[in-house]
Every structure is written in C-alpha cells, then in structure tokens.
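**Student:** The Zn(2+) binding site feature in Swiss-Prot is assigned to Cys176, Cys179, His191, Cys195; the stated evidence is sequence analysis. For 219-229, the entry in Swiss-Prot reads compositional bias 'Basic and acidic residues'. Among the features that Swiss-Prot reports, domain 'SAP' is placed at 236-270. Here Swiss-Prot flags 110-153, 206-231, 350-389, 399-418 as region 'Disordered'.
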Amino acid sequence: MEQTFDLPDSTDWLETPLSLVSPLESSLRCQVCKDFFDNPVITSCSHTFCSLCIRRCLSTEGKCPACRSSDQELKLRRNWAVQELVEAFQNARPSMLELARKAANSRLDGGYVTGQPAAKKRKVDQEDGPDASGSEGIRTRSQSRRGNSQAEPVVVDAIEDDQDKEYIPEDGLVACPICGRRMKNEAVFQHLDICTGDPAPLKQASFGSLQPMSPASRKSKDVTDKPPERLPTINYSLLKDNVLRKKLKDLGIPNWGPRPLLQRRHTEWMNLWNANCDSKAPKSKRELLHELAVWERTQGGHAAPSSESSNTVMRKDFDAAAWSNNHGDEFKRLIANARKRKDAVIRTTIPQAAPARDGTSTASAPEQSTEMSTPPEVAERLQTQTVPEGTSVATIAENETGTIQTPNITQVVSSPPE
C-alpha cells in the first residue's frame, strides 16, 4: 500500500480564493529550515528563527543568516508572541484550507453546470408569483389558527426540585444545627455545649481529603517546576583530549572518535540542549539523545576531514597574528628549503646547457665547459628577477650565463691555433 505524504506549504493557498494567506504563512516559517517556527527566538538584529536553526548558524559562522551581521547566542531572546501565533495558525490551517478548496471547486462547478437551471428557476418563480400571492390571500380561520399555533414556540417550565440542591453525599457525618459544621454523630452533643454559632469554613478538610503524594509524583512536579540549565560555550583549544572526553562522558553522550568529531558532537549537543530550554514543553533527555544519534548517523561521523580544517581557518574567532607567530619558524624553514632546491637546480642544469660551437673550442677549453658554475652575479640577478609564467629557472640561468661568458668564448674561438 502506497503512502502519500502531504507536506504543508505556503503555495497551497494560491489556487484557492484565499490566495492572500500565502504570504502570511510564509512569514510564519523559518528562513533556515523553511518550516513553521519551532521555539522561535529573536536576534539582536530583530530577526526571528527557530532556536535550533539560529544556534547552529551562530556556532558555525557567528552571523545572522538574514542580514549577515555578527551576533552571539547570549543575545537570543524567546519570542512568545510568534510562538502563540504559529500554534493558532497551525490549528486553524486544515479547516481554513478545506473551506477554501471547497469554495474553489464549487465556483468551478457553478459556472459550467448549474448556471442554466438557476436562470430557469428564477423565470418560473416570476411567472407563478401572482397565483401564489392570490392563493395565499384566501385562507380559512382554521388554517390561520393552525398557522398561529405552529408559529408560537412551546415553552416548557422547568420544575425545580429543592431536594437536588440540598443533596449531600452520605459520608457518615452530621451537621451541627447551630453553625452547620459537619462531624460524627457521637460528637454533636459535646460540640453543642461549646458551639459559638460561627459559620463553618467554606473548605473543610475531612479525614479522607488529605492524600499523601507519591515520591514519583513529587519528583515529577519538582522536575517540571525547575527549568533546565543552559550549557555554556567552551574553548576547545584550551582542553586536552582526555579532558574533552571526560566532559562528554559527564554529559552522558558518546566520547569515542577523533578530536574533531568530539568537538562537533559537543557543539551539536549544546545546540540541542539550549534550544530545548527555549521550549514551553521541554523534551526529555532520552528524546534529545535520540536526536543526537540521528545527527550522528546522518552528519556527525560522515563529515569530511577537509571541511573541518577549512572551518577552523574560517571560523569567527580565528587569530591570524597568533597563527603566523606560532608557525613562523616553519614558514622560514620552508622558504630556506625552496631556495636550496632552486640553487641546486641551477647548478645541475647550466653545465649541460652550454653547447659547444665547434670541436676546436671544446678541445681547447675542456676544463671551462666541465667545471662551469653559476657566477655570483647571475645568482643575485635570478633571486631579484621575476620568473615569467611558463619559463623554467634553468633557461633564465642559461641565458644570463651565456651573456656573461660570450666574450670569453669569442676570444677562444678567434685565437689562432698553435
């Protein structure tokens, strides 16, 4: 058997005569989850969201999803007026939508089916009007008397019974004839000797009226009266792994997994718990643990590690100056290694790149071609020169060295052989 899911949406009103209700319903929905407000809270920038939705956004970005202004969870306040408005609209929505759809269907049916018969009926009524008025004018006395008797409503007098008012349940007690105080039969005569005639109190505690409260009911009453306390935000960089695991264990949530997963789990539990504190009917801890387990199966354990690393750089409390100071030595080491590799590439590629013009120059200067190295001025020029895109360092070093060594090679070639 197939199941059909009817998801309420603000577009349900567009095909009905009450199409103007659509923007009203849209204003009662959260801009994050697109559902009706659940425990609505208002931000410092006067925007309203679900408590859980805005807490998740602030814990991730620290900005309002509507206007992108900075905000904090401590500034959130509950919006009871919107909560009552949403509840009233949700209760009235099914009947309103049903009436609107019936009106739309009747309008379509009335325009094409019952339009002609209605016009005929009006004509017939107009033709039969005089006859009907004439027949109504001739009436006998019996008909008029019968009509008057039918028109007058029948009034039935209610019989009041004094015994019903004075009925008192039998509890084995007798009332004092002077003050009306109820007591046992054998205590009436002793009471008459000392009775002052004062009326009995309205609410008198009898012997069986005081019922002891069970421990379970007393405990449940204390729980309902005392609101749950909110969880404070913590700085995870100040906590070690074992301390963070102990904190999760004290809260009653799982403490397994790597450190990034522990942080995400604690943040989600903090959002669930604090959002539950904003509700008029808070959920139990078991229900919150079930929601955390659903989040664990869908998002928590399956988040990519790269996303966590990007979030740590993009989070609102990221300190760039402290980051550069902590990793400054590593940056210097990487720069020094890059310069060493650059010099090594220049030394290994330049001797092979110098071509021999002819056999005489190669034979006359063997040591000059095999032991050639980068001159100091070439190295300095390479360090200050900007390398164009697509050009290797070896090519630039070859060109610079060829320019400097060209006069020496020309002298060797032009010198006469011995």
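Every residue, even glycine, has its Cβ placed from backbone N, Cα and C.
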**Student:** Across all chains shown, how many C-beta atoms besides its own are within 10 angstroms of the C-beta of Cys176 (Zn(2+) binding site)?
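**Tutor:** A count of 16.
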**Student:** Name the secondary structure element type, per DSSP in three states, that contains His191 (Zn(2+) binding site).
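**Tutor:** DSSP assigns His191 (Zn(2+) binding site) to helix.
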**Student:** Suppose the Zn(2+) site is Cys176, Cys179, His191, Cys195. Which further residues of the same chain have a Cβ inside 8 angstroms of that site's Cβ centroid?
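**Tutor:** After dropping the recorded site residues, what remains is Pro177, Ile178, Gly180, Arg181, Met183, Val188, Leu192, Ile194, Gly197.
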**Student:** Using DSSP, what's the helix, strand and coil tally for the domain 'SAP' (236-270)?
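**Tutor:** Summed over the domain 'SAP' (236-270), the classes give 26 helix, 0 strand, 9 coil.
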**Student:** Sorted by position, what residues of the same chain at least six away from His191 (Zn(2+) binding site) have a C-beta under 8 A from it?
**Tutor:** Cys176, Arg181, Met183
**Student:** For Cys195 (Zn(2+) binding site), list the number of other Cβ atoms lying within 10 Å of its Cβ atom.
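**Tutor:** Step by step: centre on the Cβ of Cys195 (Zn(2+) binding site), count other Cβ atoms within 10 Å, giving 14.
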**Student:** With every protein chain in view, how many other Cβ atoms are within 10 Å of the Cβ of Cys179 (Zn(2+) binding site)?
**Tutor:** 14
**Student:** Where does Cys179 (Zn(2+) binding site) sit by DSSP, helix, strand or coil?
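**Tutor:** SS state of Cys179 (Zn(2+) binding site) = coil.
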